[in-house]
Amino acid sequence: MAQLDPKTINKIVLAYSGGLDTSIIARWLQETYDAEVITFTADIGQGEEVEPARAKAEAMGIKHIHIEDLREEFARDYVFPMFRANAIYEGEYLLGTSIARPLIAKRLVEIAKEHNADAISHGATGKGNDQVRFELGAVALSPDVVTIAPWREWDLSSRESLMEYAKEHNISIDYAGNKKKSPYSMDANLLHISYEGGILEDPYAEAEDDMWRWSVSPEQAPDVPQYLELEYAKGDIVAIDGEALKPYEVMIKLNEIGGKHGIGRLDIVENRYVGMKSRGCYETPAGTIMLKAHRGIESLTLDREAAHLKDELMPRYAKTIYNGYWFSPERMMLQALIDKSQEYVNGTVRVKLYKGAVSVVGRKSDDSLFDEKIATFEDDAGAYDQKDAEGFIRLNGLRLAIEASRGRDLSK
């Protein structure tokens with residue numbers, strides 16, 4: 001990554017949410033670098049109005065303001081390819097934050113080139129994974145990019161000091177509409193909403209009921225289950241209950257329905273790439289349904305060894321994304337294999353949603369490898385000769401028999 005003297009930096013493109021941190025960063029960049037700040041705000045389904053970010057940026061004298069609806073690109077080119085892999089980090093985390101960063105980094109770099117900017121900037125702290133994800137993504141796409149990470153440079157180390165800075169610099173932080181300021185650090189997109197900080201910093205403390213925003217508690221979910229039919233084409237959901245939908249529409253609908261049934265709540269302690277453990281709570285209704293349903297259609301259409309190979313490679317794929325290497329040779333290689341495996345992953349999965357649980361209750365496909373004539377417990381009319389199993393078992397047990405014949409005790 002290239003390094004420049006601050007005096008040579010005249011334009012900076014900032015990933016800007018319009019919130020407290022990035023508003024302060026915008027002003028800090030203007031003062032510290034005496035540079036023009038260009039803001040970029042991405043709508044990736046966070047469920048909030050992004051237009052207020054424009055007014056806040058204008059109030060700080062920012063002339064070039066980019067606000068973009070990236071929901072479809074995010075779902076189509078990032079989330080859906082990841083779900084073809086059934087990716088889960090450390091057995092539980094569906095990578096909701098991890099998968100959102102590459103697209104933002106990509107647009108930061110592209111906007112910087114459009115404006116001939118000297119640097120990009122983000123609001124990720126020096127303790128988290130996001131700084132790594134943003135900067136690895138940026139350097140992979142623009143090797144000479146200069147990234148300014150204020151949290152690693154300034155001395156504003158607490159929420160109180162940030163508020164004092166905002167007051168001193170006449171930065172308007174509008175909390176209107178928030179009757180109760182959340183004690184949590186939250187991040188949302190089409191795939192999930194995350195919660196960190198507050199009482200969650202004690203890993204033994206249970207999250208408060210009023211923290212959750214996207215879902216009801218399973219106990220309060222409807223007493224009647226809801227069934228959905230999800231239609232797949234090459235590993236991607238293309239319709240719900242017969243209604244053709246775009247990828248981002250699929251996620252919006254599944255989030256809404258899943259949330260009503262208490263689907264997708266998660267409370268975990270994860271290992272960050274930077275070395276520390278972190279406790280976080282997540283709501284991922286759509287992702288939880290998508291993962292279960294995708295495994296359901298794959299169980300019918302994927303060859304056994306192809307399915308097992310995917311399962312073996314999945315942890316590596318998930319770790320690659322979690323650590324910030326979406327734009328990397330290894331992710332591209334793994335993606336090519338994964339996408340090839342989805343050639344015949346077509347059909348329909350029927351899922352049941354009930355009080356926090358997702359169950360696959362039916363699956364069908366014209367590309368099914370399930371042969372009822374062979375699998376039946378009834379008369380198979382000679383489709384499968386059970387005597388063939390004797391030789392199969394003998395050959396597979398040969399090495400074990402040889403071990404035992406040499407006096408080796410395999411029972412220990």
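Glycine is treated like the rest: Cβ placed from N, Cα and C.
For Ala15, Tyr16, Ser17, Gly18, Gly19, Leu20, Asp21, Thr22, Ser23, Ala42, Gly123, the entry in Swiss-Prot reads ATP binding site, with the evidence type sequence analysis. Counted within 10 Å of its Cβ, the other Cβ atoms near Ala15 (ATP binding site) come to 23, all protein chains included.
Reduced to three states, the DSSP call for Ser98 (L-citrulline binding site) is helix. Residues annotated as L-citrulline binding site in Swiss-Prot: Tyr93, Ser98, Asn129, Arg133, Ser185, Ser194, Glu270, Tyr282.
Here Swiss-Prot flags Thr125, Asn129, Asp130 as L-aspartate binding site, drawing on sequence analysis. Using a 10 Å radius centred on the Cβ of Asp130 (L-aspartate binding site) and all shown protein chains, the other Cβ atoms total 20. The secondary structure of Asp130 (L-aspartate binding site), as reduced to three states from DSSP, is helical.
Within 10 Å (C-alpha to C-alpha) of Asp130 (L-aspartate binding site) lie the following binding-site residues from Ala15, Gly19, Asp21, Ser98, Gly123, Tyr282: Ser98, Gly123. Look at the binding-site residues Ser17, Thr125, Ser194 and count other Cβ atoms within 10 Å of each Cβ; Thr125 has the fewest. Counting every protein chain shown, 27 other Cβ atoms lie within 10 Å of the Cβ of Arg133 (L-citrulline binding site). Between Ser194 (L-citrulline binding site) and Ser17 (ATP binding site), the C-alpha separation comes to 16 Å. Ranking the binding-site residues Tyr93, Thr125, Asn129, Glu270, Tyr282 by the distance of their Cα atoms from the Cα of Asp21 (ATP binding site) places Thr125 first.
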